[in-house]
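Q: Mind having a look at this structure? Questions to follow.
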């Protein structure tokens with residue numbers, strides 16, 4: 001552990017290799033398995049909303065962002081509230097902008113096409129994994145692509161299973177899968193701990209997010225907390 | 001009932017908006033020079049995103065979620081294994097729910 005907030009290791013180069021893709025997929029596999037219950041729950045919920053299996057699977061393939069897909073089901077009605085749908089999906093997924101920005105010092109070293117291919121499968125778990133990899137000095141963005149692709153495939157297949165089997169499966173999230181993601185993210189935070197100077201930005205982020213969760217529209221508390229923590233960190237260390 | 005054309009349009013809209021959020025951060029940063037201060041901002045931003053995801057979710061999840069998070073954090077400190085920490089958190093929550101409390 002690196003006390004006194006030594007500067008992060010930030011990649012000065014970036015590569016994208018097949019080896020990295022395979023390693024990324026292998027490393028994320030335990031997490032991807034646990035995405036399956038959520039995918040099944042989404043497929044089942046979509047069927048109940050009258051969304052046929054083909055369309056819910058298509059949505060999972062093209063959108064690949066669980067929370068926003070569940071939120072969309074709440075708005076799924078005729079006439080379709082397109083503007084509300086776009087705003088809701090944007091609000092729930094706006095944190096991706098920050099995840100991407102945080103990877104920018106790394107990914108900007110990649111050619112444009114590869115850069116955006118990698119980002120197209122960006123999600124919270126594979127981003128958390130990539131951030132850890134960057135800290136240990138990895139430069140292979142194939143890690144993000146491989147882990148993202150595996151999560152994507154798992155999400156699509158699980159949606160299909162849920163859409164076909166429907167509510168017969170019951171609520172798989174009752175087995176504690178709902179705490180899986182926050183446990184994984186907790187591990188990511190703890191793994192990044194670099195000593196006491198980190199504490200103030202984290203506390204600011206937690207406090208703003210917590211207040212925001214009650215006073216802001218759904219989805220925005222993560223963005224607010226993250227920006228607050230980032231600005232606090234920049235002011236203290238910049 | 002939502003007809004198929006409407007559903008396809010809605011899915012395309014969702015996909016476009018989500019893709020914009022995924023690439024947006026890097027697109028914006030390609031116009032911003034990455035100075036040491038910006039780099040410090042991005043580094044703290046990265047961890048703050050996770051903190052901002054975890055803390056409200058743990059609080060809203062009640063004592064079970066909070067204990068699961070504490071367990072995951074502890075296992076991470078002890079083992080440095082993210083997967084081990086994740087499984088420990090899930091096991092903790094499952095155990096607490098199985099108890100007749």
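Note that Cβ sites are derived from N, Cα and C of the backbone, with glycine treated the same way.
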Q: Would you mind telling me which of A:28-47, A:128-147 TrEMBL tags as transmembrane segment?
A: A:28-47
Q: Apart from its near flanks, which chain residues at least 6 from the ends of the transmembrane segment (A:28-47) lie with a Cβ under 8 angstroms of it?
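A: Distant Cβ neighbours of the transmembrane segment (A:28-47) are 53, 55-57, 59-60, 66, 69-70, 73, 125-126, 129, 146-147, 150-151, 154-167, 169, 171-173, 175, 177, 180, 184.
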